[in-house]
């Protein structure tokens, strides 16, 4: 008797329930060997004051099954609510987001008939961590966190993906000409790991020109690996230029769990109208079937879906009077796909997936390298002061007993404003005061607390402390513009 794989199903918000019903209908007709557990997440939970959008009972289901098929959810805009997508990815350590984009030319409109690429997006770090602060009346902060181990995991995954899927080239996109530490480590690790895969070509693009090339010459790309926010943006670009963002599915892969979802959002403006394209979620379900070792069902469904597209049976988002034969709604599209189960596409590439379940490599032990000698050499103390000039701040601070420190610079938004010509000023209430060790004196954490006490006594409102370190004598901090 065939073994049925337990799957957690989340219907989501907006168009989520109707496209999920369409996909489940196809899965049933294709006789997918799955057993469903349904959970409630998203907007309904937010309204019940679950700020994360998910309940403990839902987590228990996910822990039991290890696999989630999730329709889009609506995250309320503004403060007070965290993105459920990000919460699930981070909690389950789903470090890799795989987003294929393939042209269906000539059956859908696209300027790029040869587009066939996959974006591998880091899924746990970067600005997407959502660590934010309001520090003054005027200034807001969002932290960009990138780890060496996180870069190792996603870049190695990208090269392994290329090997397993007969891809020829992996390209890394970053902005390390500006963010030399956070984006710099991504590029550095990419270059190191690329040497282990001599059979795979590799290249690096700065994210801005890389995105421009992706939009105009996507055929030069094969596998793209990048950080979280960049990956989110460029995968939507790739999906849109392939024909429609409504076609793209994605997989979120970790060591022990996996989540599959459409790339697009919940589209509440068209919810309940039976016009949404279920193809994105269907393609996510196909990726799920491959992942759990049901390549036969994945092959059956994908070929039927492609035959439906070839026959010109299209939802409104890809319907074209010149090339489409029939405009259908969400439910009817699903019915048309099931009518073609067992049929093969004649022009689009035929699917043929293996029956072996995908497993993550478990023999790589990612450890934090602590060999470099770490030395405390200074501290950046951010202060909230409403003054017209950085020189006013310097005058006030330099009257204090700074102990083993000396005030080296004052900057705002990364621009050095003291010591500097007073003609160069800015409107700000958020200032970074850089204190360095005086005459090579050894600094201890107690020295910093004494410095903070001196600032507090002088009624200087300090709002953040960033200590400055050297690693094997190399500065682990950036300089301000003009420093």
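Backbone N, Cα and C define each Cβ position, glycine as well.
When Swiss-Prot records 83, 85, 89, 99 as binding D-threo-isocitrate, the matching candidate from 35, 121, 134 it lists for that site is 121. Residue 89 (D-threo-isocitrate binding site) falls within a helical segment according to DSSP. Cα distances from residue 121 (D-threo-isocitrate binding site) to the recorded positions 128, 175, 267, 269 are smallest for 128. Largest CA to CA distance in the D-threo-isocitrate binding set (83, 85, 89, 99, 121): 19 Å, whole number. Taking each Cβ in turn and tallying the other Cβ atoms within 10 Å, the top scorer among the binding-site residues 74, 83, 85, 277 is 277. A distance of 11 Å separates the Cα atom of residue 89 (D-threo-isocitrate binding site) from that of residue 128 (site 'Critical for catalysis').
The most densely surrounded of the binding-site residues 89, 121, judged by C-beta neighbours within 10 angstroms, is 121.
Following the DSSP three-state reduction, the secondary structure of residue 128 (site 'Critical for catalysis') is helix.
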